[in-house]
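K.L.:
Here it is: the structure, laid out below.
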């Protein structure tokens, strides 16, 4: 009796296995299902400066661009006076350094202008202008943000420096080697958690944004240098100098300080 029950309950009759349920491959066949995110495609820019075939500004020089030069890094004889883009590997490294330093300079120029704008808007900030900040930071108890000593308990500039080293080291480590933020595809433009706004979804807009980033970053690096020189000479921030110049363009300009070799006076 037990043997008969076993025979009935087993999924094989007369030595042939009976299929209880079809496999997944039989149900779906050989079709492939792919899912992708639908992103609205933005039209490529009509700007002559940021498109792929950008106008070369150095028309008088030799117009034949080198093979390594893209639209963003014109390597004509006049553009790369120091021959920094002579070797392709060096050009790639220089482009990486330019993008990283340009992003930093864009943030720095925004911060220098924003601090001056906040001071102009009568928000009482205890921090000095961009010019005098380095001297004030080394003094003890100088890093009281927004004039409230209880807001940030980091009165030591060395403690702030150590925290910055740890935090930026961790972020840069994830950017280069991957980690909990996702795998690394391109270390210079990591994407994923590093791109919360999704600016790199559309490849055409992304290529145009890369060019704009490098061009605006070069402008920001040069303008930050100008802010420093202005602050050393005049002792004022960039917005104060702009307001003074607009108030009296004839007297308040660079020539008024060109004969003044004592900084800050």
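Residue numbering: from 1, along the chain as shown.
Including glycine, each Cβ sits where the backbone N, Cα and C put it.
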K.L.:
Which residue range, 198-218, 219-239, is the one Swiss-Prot calls transmembrane segment?
P.N.:
219-239
K.L.:
Select from 130-150, 151-171 the stretch of residues annotated by Swiss-Prot as transmembrane segment.
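P.N.:
Residues 151-171 are the ones Swiss-Prot records as transmembrane segment.
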K.L.:
Find, among the binding-site residues listed as 175, 212, 218, the one whose Cβ has the highest number of other Cβ atoms within 10 Å in the structure shown.
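P.N.:
Sorting the candidates by Cβ neighbours within 10 Å, the top entry is 175.
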K.L.:
Can you tell which of 164, 216, 230 has the least company, meaning the fewest other C-beta atoms within 10 angstroms of its C-beta, among these binding-site residues?
P.N.:
164
K.L.:
So of all those binding-site residues, 175, 213, 218, which one's Cα sits nearest to residue 230 (chlorophyll a 5 binding site)?
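P.N.:
Considering only the listed binding-site residues, the nearest one is 218.
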K.L.:
Do you know offhand how many angstrom separate residue 216 (chlorophyll a 4 binding site) and residue 172 (chlorophyll b 3 binding site) by C-alpha?
P.N.:
23
K.L.:
Per residue, counting other C-beta atoms within 10 angstroms of the C-beta, which of the binding-site residues 172, 213 reaches the highest number?
P.N.:
213
K.L.:
Give me the CA-CA distance between residue 175 (chlorophyll b 4 binding site) and residue 212 (chlorophyll a 5 binding site), in Å, as a whole number.
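P.N.:
Cα-Cα, rounded: 22 Å.
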